[in-house]
Structures are given as structure tokens and as C-alpha cells.
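Asks: Starting off with a structure, shown below.
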Amino acid sequence: MTTTHTSRAAKRPATSGAHGRHPAKSRQRPNWLGGLVSWLWLAVVLIPIYWIVITSLKTQSNYYLTNPFVPPGDPTLDNYRLVIEMDFPLYFLNSLIVAIGTVIPSVLFSFMAAYAIVRSSGANRFLRGVNSLFLMGLAIPLQATVIPVYLLIIKMQLYDSLTALILPSIAFAIPLSVLVLSNFIRDVPKELFESMRLDGASEWKTLWGLAFPLTRPAVVTVSIYNALQVWNGFLLPLILTQSPDKRTLPLALAAFQGGPYGVNVPAVLASVVLTILPILILYTVGRRQLLSGLTAGFGK
Amino acid sequence: MSAITARRTSSAAASRGGGVLPWLALPALVAFAVFALIPLIGVLLLSFTSWDTLGEIQLTGLESWRQVLTDPGLPHALWVTFLIMLLSWGFQTPASILIGVFLAGHQRYRELLAVLYFIPLLLSSAAIAITFKALLDPNFGIGAGLGLDFLTQDWLGEPGLAFGVVIFVVSWQYIPFHSLLYQGGVRQIPRSLYEAAELDGAGRVRMFFSITLPQLKYTIITSSTLMLVGSLTFFDLIFVLTEGGPGDATRALALDMYKRGFQANLMGAACVIGVILVLVGLALALLLRRIGGRDPYASQLEGA
């Protein structure tokens, strides 16, 4: 599994020391090209981020006059104050509600389905079909189906509500979640299931009492990944809501930039910083979990 | 041995009413069916109708198809999508492999490098697009601020430049993710292969082409599948960055669908584009699977 692999690989230098280094270290030329490209791209990644942070601390008039890469002599938080007054706390709350409202059901449903698929070990035709269906869902660009989703949401009279964002997001998150979770449930030793069965535990009890706690790291990983997808989602909020007070953060960003304050570049960039700040904080706290989560579904 | 255990547990499950297991899959199945499967069928059905979002949905047979297929906008959108797909793949893949190989080293500073490196993974396309739009503004962006002429171009106003900016920003957003995949892939290559090659006197470049690249085959296929299928649905980024412009220079399929549907109110025609998107996506996935000789997602099923 990728997650276990990543953490294992990351620990390697500590356990095997110099011996575990790249074999050719002593005699071979260093990887100049790789190093060059990596450092170059690091600069490409960091320069815009550095720029938005320092620019968001400048006043609008200062922005036009100063060198773009020199931090302001008198940093100001006025831009942030303006952005917060522009209802960004509300948009933040909306994003949070949609993320939590999506992640909890999608992960619980996916876990139950993954458990059933693994435990039936292909013996049940219905579950085999369900599994292939979810695999197919991975290959199809689900965004191509947004117009029927839009129609469905209107017919259900959910248009312009946060629920309208949550329901399709749950469905879109399921295929990958089931795939990743079933891989981890498959790693639980069969003997443990057997002993639960001998103790007379029901499948329901085995599911929550054994499989769920044993695969908690995977559950956390999948939850983080889904939360990030929803948090950053743009298309669904764009087509399924219209009132300003139903906006999620990415939509609010675009609206702010396209609106009357759009000419105030430092304020626009302050809004960008504000939306990425919570994720950056989460990233510094749970980096390993997050990175392994992002590749868990795809790594070889 | 595990096969025997598996058979025993499964027959055990079946014998005491495996009936309970299918029920557990039901909530996920229902959620997926209602908001993914039904819309998938719906997009096909709606492509045979006309609907302007306000009035009734009318069955008009092949009218929407004829309308879209005879529209020169379609080959253009297909071409733009193909070009974005090809160029962003062609730029991202070599860069991601190089960086992934470099980051796979276990030196401490490379771990730190990776921490900074993966930040774009966390940002929304909207935030990224807004940042670059401001950064590249010909009057108020960095070009003007630094007084550098070559940076002071109408980046989003010239078709060719705008196209290049889209490719660049896509790469900015996704190279870290694919580097991460390659980093994981490289770390799984058995060291013994390199040790043997070293004894044979192979150099670094030789080792890269005869060990690293072939060993990364499945990672390359997985990464390419994600890049190519993913680039079909680039929407947020292009929508915020260029809105398909200037003119329709960056009007890719997903954006074309949105514009036909939600701006021109031609939902039938938009669904035709949706069907085309689904078909292209499926064809790509099948093609890559054929090339790779196996399902890119299968490694997970085998527990590799």
C-alpha cells in the first residue's frame, strides 16, 4: 500500500543510515539535471506564493509604486480587514459545512461498501457488480454529467442550497474512497475476522468493532483527500447555487476578483491568502498523512 | 494458502446468510446511482432534447446533435482540448520524472524540499488562476513592476501566449502531484538492480534509461492516465484565468459545455458535448490500459 510504503520509505534513512543511501553515491556523479530542474521548479512554485503574501500586506497605492518582490516597509492588515468585512467568514463557514457534510457520509458509506466487497471476496455477484461499477466511475469524467445533476437538483427543489452541493459531492467521492478503503481492509488478517465470527459477532459489529479501528489511518487519509477536493471545488457551487450567501470560498474568490474590488490587487490577494491559510496550517500539522492521502489511490 | 482461507471465509459468510453484506453496500450504491449513474444516463437522454433551463424539456431527436456536429466550434474545442492534453502531458511528464527521481533520494534537505514543493497541491484552481492573472497583468503585474519588457506582455490577451499560460499554470498546479507519484515509484525499485548495474560499470544516465524508466512503466501509465483524463475536465482554471479567451483560443470541451449550457441556455447541445467528453474519457482510459497491458488501477486490487 502506498501509505504504508511512504511512511516506511521516509523512515528508511533513520534505520539504515548511510548504508541505505543511493548505491552509487560514492563513485557516481550527482544527479545534476534532476537537481537543477528540482531547484528551478521550487523557485517557480515559491515565487508566486511569496509574491501573494507580501503583496497582500501592501496598501493599494503602495502596490503600484514599489518593486513587486520587496516586502512592504509598513505592512498593513487593512486588506484582510476589508476581505473579512466582505463576508468571507460566511463563505468559510459554507465551505466548512459542505466539506464536513460531504466527508462524513461519503467515507462511512464507502467504508461499509468496501467492507462488504472485501468480505464477500468476489463470491457475491451483486457485490462484484457494485465493485465494477465504482471502478468504471473512476474512468469517467463525472463533471461531464453536471447538466443532469443540475436538472435533478432543481427537480428536488434543492437549487441554491448547501445540500445541493453536498449530495453530488458525496456521490463523486465514492468510487475512489471505496477503492482505497477496500485495499486497506484487505490487509486486515483474515484470522481476526474469523475469531470475531467464532465469538458470534455480527457483520455489523465486526465492521465497526474490528475493521474500522484497524484501518483508521486509511480512513483519515481518505477523509482528508475528499475534504480537500470539496474545499477546492468550483464547478458544482458555480452551477448549483446563485445567492451570494450560499457561496463557497473558491466561488467567493472568483466573485470578489470579478467584482468592484477586483482592481484592488492587494485585497484580492489577501482573499487568496485567507482561503489557503487554513489548508496550509493543516498541511504543516498533518503533512505526512495528507501527502500519502493524495497518492493513496494512485501510487503503484 | 491465502486463497484457501479466502474461500473458507467467504463460504462461511455465505452460509450464514451473506445476505447481510450486500445491504452494507447499499447506501454507497444508492448515493452513487442517484447522483452519478442516473446523470450519466441522463446526459445521453438529454442530448436528444432541447431545453433552455426555463421552459419545458422537449424531445427533439437528433436536432441538438446536428446543431453541435455542424458547428465549427466543436472541432475547435476538440483541437484545443487535444492540444492542452498533449502539451501539458509533454511538459509535465519529463519534469515530474526528473523531479521525482531527485526527490526519491533520502537526504534530509530533499525531504524539506518536498514539503515546500507540494504546496500547489493544496490550493484551489480558482486561487491559482487569480494569482497568475494578477501576476501576469501587463499593466499592474510583475513585468510592469520590475520594468522588464519581456515579462510585460499581454499574456492573456494574445491567443498563443494565453495558451502557453494555461499550459504553464496547469503544470504549476499538477507537477508536484505527479512528482510525488514518481518519487513513490522510484523508491519501490529494488536497489539490487542498481547494485548489479554498478558492478557492470553502468553510468548514471545508462542506469536511468535501462533501469529507472522501464521500472517506472506502471507509474508512467498511471500518471499519464490521470493527466490525460484529468485534462479533459480542466474547467475551474480556464474559466477563471481566461474564460476561454481571448476569442475562443482556450475554449476547451469542458468550458464549451458550460458555455453552451449555462450561458447560451442550450442544454441539449451542452449534453451532446457531455456525451463526447464521457466517450473521449472512456476511450482514453481503455487505450492507456491497452498500452500498459493492465488496468492502471489494478495494482490496488492486487494489493501491490
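Cβ atoms are placed via backbone N, Cα and C, with glycine included.
Automated prediction, rather than curation, is the source of TrEMBL annotations.
Sharing the record's features from TrEMBL:
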- B:78-288: domain 'ABC transmembrane type-1' (DOMAIN)
- B:20-46: transmembrane segment (TRANSMEM)
- B:77-103: transmembrane segment (TRANSMEM)
- B:115-136: transmembrane segment (TRANSMEM)
- B:156-175: transmembrane segment (TRANSMEM)
- B:216-242: transmembrane segment (TRANSMEM)
- B:262-288: transmembrane segment (TRANSMEM)
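How buried are these features, and what lies next to them?
Replies: Through the fold, the transmembrane segment (B:20-46) approaches residues 13, 57, 267-268, 271, 274-275, 278 of its own chain, all at least 6 residues removed from its boundaries and within a Cβ separation under 8 Å.
Listed as Cβ neighbours of the transmembrane segment (B:115-136) (distance under 8 Å, sequence separation of 6 or more from its ends, same chain) are residues 99, 103, 142-143, 155-156, 165, 169, 172-177, 179-180, 236-237, 239-241.
Long-range contacts of the transmembrane segment (B:156-175) within the same chain, counting only residues at least 6 positions beyond its ends with a Cβ under 8 Å from a Cβ of the stretch, are 83-84, 87-88, 91-92, 95-96, 99, 120-121, 123, 125, 128-129, 132-133, 136, 138, 227, 230-231, 234, 237-238, 241-242, 245-247, 249-250.
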